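Below you will find the structure I want to go over with you.
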Amino acid sequence: MNIHEYQGKEILRKYNVPVPRGIPAFSVDEALKAAETLGGPVWVVKAQIHAGGRGKGGGVKVAKSIDDVKTYASNILGMQLVTHQTGPEGKKVNRLLIEEGADIKKELYVSLVVDRVSQKVALMASSEGGMDIEEVAAHSPEKIHTLIIEPSVGLTDAEADDIARKIGVPDTSVAQARQALQGLYKAFYETDASLAEINPLILTGDGKVIALDAKFNFDSNALFRHPEIVAYRDLDEEDANEIEASKFDLAYISLDGNIGCLVNGAGLAMATMDTIKLFGGEPANFLDVGGGATTEKVTEAFKLMLSNKNVQAILVNIFGGIMRCDVIAEGVISASKAVHLTVPLVVRMKGTNEDLGKKMLADSGLPIISADTMEEAAQKVVAAAAGK
């Protein structure tokens with residue numbers, strides 16, 4: 001689950017990480033009141049969407065008067081903000097953060113992620129803040145410093161000080177940087193976050209260390225422990241299909257391709273998408289129906305896939321272990337009839353009651369394309385999507 005910048009800063013504030021004074025606003029009038037409450041002479045008007053690159057997309061403006069605040073708030077609220085993370089369709093801006101201006105002397109980068117190799121939390125820091133860390137990694141990898149944190153110990157004073165100095169924090173500000181880094185780690189750990197990022201972490205002209213931005217992602221499987229985090233959820237920022245899928249216990253993620261995928265098991269689903277890509281196709285979604293799929297779940301899965309107007313063909317790839325192939329076949333037949341399927345459908349089933357499932361599909365009278373291997377299924381669905 002993702003949250004907005006201003007919500008991330010609320011979390012940081014609780015963990016004693018210095019952040020600028022700011023007030024969220026949902027209308028132009030609220031933006032003006034926020035600016036008046038904060039006082040001038042400089043404010044920053046920030047679009048609040050779940051995506052990075054807002055500044056380059058015109059979603060962050062520095063205002064030097066109340067009139068500027070009004071103009072920028074009017075322009076940004078309701079706009080369809082397009083960034084490198086939103087895709088060409090962009091995201092509608094429904095809320096703003098009005099924040100006091102900052103005297104930026106230097107921009108730094110810090111983040112915490114789970115390192116899958118060490119199975120521990122990794123702290124990444126760089127002297128190159130204010131830009132995408134991917135760009136830094138590509139062009140100046142030596143400027144990224146990584147520290148694997150021992151969970152039984154946490155981020156020690158010595159480790160925090162060392163990282164701070166490596167990214168260019170002067171000795172007079174190291175203690176402040178230590179406080180920010182340790183606060184960020186504690187926030188990450190205690191909220192079950194999967195990502196915590198401050199970009200940029202700034203040094204001001206008078207030597208203060210301040211988090212000028214905040215990005216948090218949370219492990220959805222741990223949200224039951226954090227009702228205060230769940231309260232931050234903004235459904236307007238989430239994919240409508242993904243919200244609908246969650247109601248039926250379907251793991252669904254929208255993608256940019258034109259081939260719908262219905263698979264049981266996350267590993268097989270990813271392998272299926274890889275194979276489609278291998279043969280020149282583009283998956284339109286990740287969809288794992290799990291091991292307890294019913295006819296209702298399969299029907300809802302078809303509805304989800306077909307709600308994407310880009311879908312030109314569908315691949316159903318099932319391994320019948322816990323899930324029986326005849327149950328899936330029944331669901332596929334029922335779903336195809338219920339949604340009046342008009343796009344090509346390729347089905348590959350292996351495992352429990354495989355022969356019965358295949359017979360049910362063959363006897364259904366539906367124009368279903370059968371395949372025996374994953375490679376064959378991928379080739380056939382790519383060809384079908386291309387109209388061949």
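Glycine residues also receive a Cβ, built from the backbone N, Cα and C atoms like all the rest.
Features from Swiss-Prot:
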type	residues	note
BINDING	Lys46, Gly53, Arg54, Gly55, Glu99, Ala102, Glu107	ATP binding site
BINDING	Asn199, Asp213	Mg(2+) binding site
BINDING	Asn264, Gly321, Ile322, Met323	substrate binding site
DOMAIN	9-244	domain 'ATP-grasp'
Based on the record's binding annotation for ATP (Lys46, Gly53, Arg54, Gly55, Glu99, Ala102, Glu107), what whole-number value in Å is the widest Cα to Cα distance?
19
Name the secondary structure element type, per DSSP in three states, that contains Gly321 (substrate binding site).
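Reduced to three states, the DSSP call for Gly321 (substrate binding site) is coil.
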List the Cα distance (Å, whole number) between Gly53 (ATP binding site) and Ile322 (substrate binding site).
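With distance taken Cα to Cα, Ile322 (substrate binding site) is 44 Å from Gly53 (ATP binding site).
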Looking only at C-alpha atoms, tell me how far Glu107 (ATP binding site) is from Ile322 (substrate binding site), rounded to the nearest Å.
52
Within 10 Å of the Cβ of Glu107 (ATP binding site), how many other Cβ atoms can be counted across all chains shown?
18
Between Gly321 (substrate binding site) and Asp213 (Mg(2+) binding site), how far is it from one CA atom to the other, in Å?
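About 47 Å separate the Cα atoms of these two residues.
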Rounded to an integer, what is the Cα-Cα distance in Å between Asp213 (Mg(2+) binding site) and Lys46 (ATP binding site)?
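The separation of the Cα atoms works out to 10 Å.
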Taking Cα atoms as reference points, which of the binding-site residues Asn199, Asn264, Ile322, Met323 is nearest to Gly55 (ATP binding site)?
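Closest by Cα: Asn199.
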Have a look around Lys46 (ATP binding site) and count the other CB atoms within 10 A of its CB, chains all included.
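For Lys46 (ATP binding site), the count of other Cβ atoms within 10 Å is 26.
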